[in-house]
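Q: So TrEMBL lists these for the protein:
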- 18-37: transmembrane segment (TRANSMEM)
- 84-111: transmembrane segment (TRANSMEM)
- 117-134: transmembrane segment (TRANSMEM)
- 168-195: transmembrane segment (TRANSMEM)
- 233-264: transmembrane segment (TRANSMEM)
- 276-297: transmembrane segment (TRANSMEM)
- 325-345: transmembrane segment (TRANSMEM)
- 402-422: transmembrane segment (TRANSMEM)
- 459-491: transmembrane segment (TRANSMEM)
- 515-697: domain 'STAS' (DOMAIN)
Amino acid sequence: MDLSLRFMELLSCVGMKYIFFDLLMPNFFFLLCLFSCSSKKAKSHLYSFLPILKWLPRYPVKEYLLGDIISGISTGVMQLPQGLAYALLAAVPPVFGLYSSFYPVFLYTFFGTSKHISIGTFAVISMMVGGVAVRQVPDEVISVGYNSTNTTYASEYYSDRDFKRVQVAVTLALLSGIIQLCLGLLRFGFVAIYLTEPLVRGFTTAAAVHVFTSQLKYLLGVKTSRYSGPLSVVYSLVAVFSKITTTNVAALIVGLTCIVLLLIGKEINLRYKKKLPVPIPMEIIVVIIGTGVSAGMNLTESYGVDVVGNIPQGLRAPAVPEIQLIPAIFVDAIAIAIVGFSMAVSMAKIFALKHGYTIDGNQELIALGICNSVGSFFQSFSVTCSMSRSLVQESTGGKTQIAGALSSIMVLLVIVAIGYLFEPLPQTVLAAIVMVNLKGMFKQFGDIAHFWKTSKIELAIWVVAFVASLFLGLDYGLLTAVTFAMITVIYRTQSPQYRILGQIPDTDIYCDVEEYEEVKECPGIKIFQANASLYFANSESYTSALKKKTGVDPCAILAARRKAQKKHAREIKKANELKKKAVLKLSNDVEGSVKHEIANDELPVNGKSLDELEHFVEPKTNIHSLILDFTPVNFVDSVGAKTLKSIIKEYKEVSVHVCIASCSGPVMNELTRLNFFDNTVTRELLFHSIHDAVLACQVKDRSASQTASDL
């Protein structure tokens with residue numbers, strides 16, 4: 001009876017309405033599909049939503065189990081110290097890092113599609129969470145009127161400030177999880193493509209600088225406030241160096257010793273990874289040594305070294321996050337949701353490609369959404385894939401999600417049984433773990449030289465992402481970087497490369513005439529190509545480049561023709577006037593026969609005889625055909641269609657026939673929808689390939705020449 005009463009009390013504490021709206025409603029469409037389709041299709045959707053139902057019954061125990069156990073243990077011993085350390089980044093007590101290393105990791109086993117990534121705490125996401133928590137609950141805040149059923153728990157174990165920051169962090173996890181879940185259900189997994197590799201690498205490098213700066217005070221043992229928002233890195237450095245004289249020497253020695261040990265361990269693991277059966281778990285070794293030294297020498301009392309402190313034993317009852325915080329953290333939740341998914345899916349794709357299986361990006365969104373939203377009810381903050389742990393999980397023989405589940409069970413054992421043993425652990429040891437794990441991210445500074453050689457635009461994206469994220473903060477920096485990346489896309493399509501193509505002799509292959517010496521232009525034919533679509537932003541530059549590259553400007557030719565016609569008319573008029581004057585002048589002095597002879601003589605005008613003036617030749621080009629290669633064109637808008645139609649009509653006026661080659665079906669449908677084809681512009685100008693268009697133009701020119709010779 002007592003158990004049932006406690007269960008009902010728990011339900012009332014959590015709030016059934018929140019469980020319904022936050023957990024069940026996002027799956028409404030999935031459940032609706034199950035009940036409205038055939039059993040076979042319903043089974044397919046169920047397997048898609050719960051991938052474990054598909055792979056677990058086929059799990060080859062003899063082949064995979066040993067590898068998964070070794071991998072799970074290896075990953076678990078990394079998960080424990082990183083969970084404690086990254087909780088400091090998230091501005092919450094270390095035990096909440098353990099919660100975040102258990103609930104989401106265990107849930108991912110059921111919903112995730114990647115067999116090798118390790119879900120849990122990650123430096124970049126933890127730093128973003130910590131920035132929001134510090135902004136909402138600064139160090140100066142003593143009490144804020146948050147309504148909560150856990151105030152007794154807070155006063156017993158943590159300060160009021162820490163408890164309020166925990167509320168911000170778990171609410172952020174709930175909201176970011178719901179966003180990921182909704183994006184996954186709506187099949188919006190493609191949003192990650194807007195976070196290009198240079199952008200992500202520049203962003204994570206800046207995040208590494210943020211993380212490193214935030215850990216300096218723990219390494220040095222100085223007391224400073226934590227800053228968030230624009231210029232937070234500058235403020236943090238100024239605060240640390242202003243109190244550098246108060247450095248705790250004992251904390252610094254312990255921290256530097258741990259850093260040296262961790263670097264040596266990582267170097268040994270890297271150099272002898274083929275000989276070692278499993279990597280040396282230096283992080284957990286350092287944690288154990290640091291805890292033992294701290295407890296044995298009583299570093300807290302004797303030297304004033306800050307330690308982890310109280311770690312409550314056992315799991316906490318589920319609780320509803322502070323819903324009233326959502327409006328203040330909504331934008332941050334979007335950024336965390338997208339960055340977290342981008343990290344996870346990029347790592348998952350690498351392992352999937354390496355091991356020959358596929359992942360579902362939309363299901364990964366759903367899995368992360370469930371991990372974050374459900375985990376938030378159990379006081380875990382936002383999580384994603386950890387690169388270092390994923391590499392360990394894969395390299396130690398992990399075959400399936402079972403390895404991740406075993407690593408979470410190891411964390412659970414620490415939470416419920418031996419967590420209190422780590423209470424004397426110095427915070428400087430955790431700072432050392434965090435700093436050493438940033439080594440890979442700091443190596444990304446080498447991207448500058450790489451992108452300088454390969455792509456200046458990608459270098460610009462990297463630099464903007466790094467500088468903006470470093471000085472504006474991770475949230476505004478990410479927004480700035482994404483905006484700049486979009487601008488570069490517009491720039492590339494607005495200013496594409498234009499080229500004239502020629503034929504490789506005796507083939508139907510056409511290449512850039514400026515790039516290959518063997519390529520020859522077809523006589524009387526110009527083949528023009530732009531490596532972008534034709535739309536409002538580049539239609540004007542397309543026309544200008546076409547005239548410049550081909551050397552045929554219809555407007556200039558028509559203007560020259562009109563000028564020549566006017567000059568010819570003036571010369572004819574002047575010749576006739578001179579002729580009349582000569583006849584009148586001689587009519588009184590010369591006899592009729594002489595007058596008749598003079599009247600019929602040719603009088604020169606500007607060095608030209610009358611016969612020459614009568615046979616006027618209009619200016620014209622030696623090009624009879626123009627082929628527009630539409631192979632790179634993906635779409636055409638209304639402005640592009642009008643521009644294309646104008647080009648065809650202008651060149652027709654100077655006797656140049658325009659053809660379009662390699663036009664794709666979707667582009668042709670767009671042209672049809674835009675009423676591009678009519679009586680003057682017909683589908684006869686479309687050709688399947690450049691070679692077909694060249695042959696048609698040559699045939700047309702020969703027939704035109706034959707007709708002219710017959711006349």
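In case you wondered, yes, glycine gets a Cβ from its N, Cα and C as well.
Situate these features within the shown structure.
A: Beyond its flanks by at least six residues, the transmembrane segment (117-134) meets 75, 79, 82-83, 86-87, 89-92, 97, 100-101, 104-105, 108, 165, 168-169, 172-173, 203-204, 207-208, 210-211, 214, 226-229, 232, 329, 332, 335-336, 339-340, 343-344, 347-348, 351, 368, 371, 381-387, 389-390, 392-393, 404, 407, 434, 437-438, 441, 473-475 of its own chain at Cβ-Cβ distances under 8 Å.
Residues 70, 74, 77-78, 80-82, 84, 254, 258, 261-262, 264-266, 268-269, 303, 305, 307, 392, 395-396, 421-422, 424-426, 429, 432-433 of the same chain lie 6 or more positions beyond the ends of the transmembrane segment (276-297) yet place their CB under 8 Å from a CB of it.
Listed as Cβ neighbours of the transmembrane segment (459-491) (distance under 8 Å, sequence separation of 6 or more from its ends, same chain) are residues 124, 127-128, 131-132, 194-196, 198-203, 205-207, 209-210, 228-234, 331-332, 335, 339, 447-448, 451-452, 537.
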Q: Which whole number is the mean pLDDT over the domain 'STAS' (515-697)?
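A: The answer is 78, the mean pLDDT of the model over that range.
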Q: Report, as numbers and ranges, every residue of the chain located at least six residues beyond the transmembrane segment (402-422) whose Cβ falls under 8 Å of a Cβ in that stretch; write 'none' if there are none.
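A: That would be 59, 64-65, 67-69, 71-73, 75-77, 79-80, 83-84, 94-95, 98-99, 101-103, 105-106, 108-109, 112, 118-119, 287, 291, 308, 311-315, 393.
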Q: Can you work out which residues elsewhere in the same chain, 6+ from the ends of the transmembrane segment (168-195), have a Cβ less than 8 Å from its Cβ atoms?
A: 22, 26-27, 29-30, 90-92, 96, 129, 132-133, 136-137, 203, 321-323, 325-326, 329-330, 332-334, 336-342, 345-346, 360-377, 379-383, 482, 485-486
Q: Can you work out which residues elsewhere in the same chain, 6+ from the ends of the transmembrane segment (325-345), have a Cβ less than 8 Å from its Cβ atoms?
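A: Residues 114, 117, 119, 122, 124-125, 128-129, 131-132, 136, 167-168, 171-172, 175-177, 179-180, 183, 189, 191-192, 195, 200, 203, 359, 361, 364-365, 368-369, 372, 382-385, 387, 474-475, 478-479.
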